[in-house]
Amino acid sequence: MIEKLTFGLFKKEDARSFMRLMAYVRPYKIRIVAALIAIFGVAATESYLAAFIAPLINHGFSAPAAPPELSAAAGILSTLQNWREQFTYMVWGTENKIWTVPLFLIILVVIRGICRFTSTYLMTWVSVMTISKIRKDMFAKMLTLSSRYHQETPSGTVLMNMLNLTEQSVSNASDIFTVLTRDTMIVTGLTIVLLYLNWQLSLIVVLMFPLLSLLSRYYRDRLKHVISDSQKSIGTMNNVIAETHQGHRVVKLFNGQAQAANRFDAINRTIVRLSKKITQATAAHSPFSELIASIALAVVIFIALWQSQNGYTTIGEFMAFIVAMLQMYAPIKSLANISIPMQTMFLAADGVCAFLDTPPEQDKGTLAPQRVEGRISFRNVDVEYRSDGIKALDGFNLDIRQGERVALVGRSGSGKSTVVNLLPRFVEPSAGNICIDGIDIADIKLDCLRAQFALVSQDVFLFDDTLFENVRYSRPDAGEAEVLSALQAANLQSLIDASPLGLHQPIGSNGSNLSGGQRQRVAIARAILKDAPILLLDEATSALDNESERLVQQALERLMENRTGIIVAHRLTTIEGADRIIVMDDGKIIEQGTHEQLMSQNGYYTMLRNISNKDAAVRTA
């Protein structure tokens, strides 16, 4: 099918992804059929306007003619011939032609305009709706992807897939479909007119079609990899812009404006270079196609003049032929130039389908416990992030009782955060198993598993919405009284009172209107409202001043009441009251016990505590 539509320029394998996306168009097939009918109207009126010239010159300036003698023979062809003769006489043969001919011309142009508007509107409508559906499915797919995918894939690439490539694949498809159908119909109609007027001259016109097809194929092959590289470069640019925007404080603090500008300039130059190649090919394509068309036109004029001198054609037929041929030039040029946007469309469709085919997060669990008690056990758990054999956790074993507060301490890279990320299955173990209340977490449905946890981390993320909506995110059915209670428990009553909007004050992008301590306490309020049986704290009090830390610590104490808690600590002074402290190094447990027990051993924990005390002394000095 695609070979026929593109005159052999593209093959089935080139359009496999694109044809898959066309499944999104099927619900709108009635509108597409209506658009096709309108496109046919455009092609028919365009063709007839060319044929209009011959009778205008041959009959328009002559005296009124006698009524035609109609055939008495039966049959469809005779009937159609009689209708044509009567219509020609009504328009061109009577003395009323001084107003019927202009009126007929106006009617033709109006019909063409209505058909052109209808086809453009319907195809644009289908394009917009299709893009909306594809983006909806892509966003739904993004929500199913694993945390590892989001960590390893730049945000600019995801944005390019969802915005740029979707637009390129579907919008280009709408334009290309319109060009292919409308201009093919126009060329076909005008070719019929040419054959009707002079079949010998028409053969010369037809001979240029294969030459234009070969020219388009040459530029398609030349630009395939250039267009692909250009799309990838745009994704890289999106990522550079996103990183610079998100990290604007780091850029300013370290005077990294020049470095950021250099990164942007490098990728921008790459895009410019690739765009120049595409533009050069596109610009060179038009003159070559024009040269082929002009040679054909020159030959036609030469032969037509010779035929006219020898009485084989009338002036009206010659003028109509030239007009029809000139009218054919624009659609032929559009068809000849379509290979480049079509190549872009196919490559964009490949990118969209590749994203839609990304494997979702594994969820093979079948169990759906409503609320667990909070007993946790790790059995011989290994975690390998990389393929070089280095393990983040190595034979990790740990049992946590219901309601127990367990703190994980150790140097950076010892595996503390990995333990926390394993429980909601943000990370999958390479070996071993993890159980909650004796149930392997791999056997629990992901949504039910994650409903058992509340997470407060050092990397707080807040939405660009109101305070109320950010807290209620953990429980969308919560009312204002419940949200207010959670905020009060998180020591945020003063924040509510400080704004006339109270609970409904906007907090800015990622809580940019709040202080660090306030952002942390909003995250705690969100966790309090969720009321999950297991609490995960990943360095929740790091990088806070003393007063903010005190308020956050008070909120955390309220949050951890009657819950199993796993606390990743950087400041060891914050976990002295933990029921048990687990000391880790190189993915293994090397010490465990209460604060007093570990200090009495004068081991690794004592060393970490001494280092922490020195750091605290430096901060307060």
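Glycine is no exception: its Cβ is also placed from the backbone N, Cα and C atoms.
In Swiss-Prot this protein carries:
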- 32-52: transmembrane segment (TRANSMEM)
- 33-344: domain 'ABC transmembrane type-1' (DOMAIN)
- 91-111: transmembrane segment (TRANSMEM)
- 192-212: transmembrane segment (TRANSMEM)
- 286-306: transmembrane segment (TRANSMEM)
- 312-332: transmembrane segment (TRANSMEM)
- 378-611: domain 'ABC transporter' (DOMAIN)
- Gly410, Arg411, Ser412, Gly413, Ser414, Gly415, Lys416, Ser417: ATP binding site (BINDING)
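Counting every protein chain shown, the Cβ of Arg411 (ATP binding site) has 12 other Cβ atoms within 10 Å. When Cβ-Cβ distances under 8 Å to the transmembrane segment (312-332) are tallied for each of 32-52, 192-212, 286-306, the top count falls to 192-212.
Note on the domain 'ABC transporter' (378-611): its mean pLDDT in the predicted model is 87. By the criterion of other Cβ atoms within 10 Å of the residue's own Cβ, the least surrounded of the binding-site residues Ser412, Ser414, Ser417 is Ser412. Packing against the transmembrane segment (32-52) from elsewhere in the chain are residues 25, 105, 108-109, 111-112, 114-116, 118-119, 122-123, 126, 178, 181-182, 185-186, 188-190, 192-193, 196-197, 320, 323-324, 327: each is 6 or more residues past its ends and has a CB under 8 Å from a CB in it. Long-range Cβ contacts of Lys416 (ATP binding site) within its own chain (separation 6+, distance under 8 Å): Leu408, Val409, Gly410, Val568, Met584. Comparing the binding-site residues Gly410, Gly413, Gly415 on other C-beta atoms within 10 angstroms of each C-beta gives the minimum for Gly413.
Take the mean position of the Cβ atoms of Gly410, Arg411, Ser412, Gly413, Ser414, Gly415, Lys416, Ser417, the recorded ATP site; other residues of that chain with a Cβ within 8 Å of it are Met584, Asp585.
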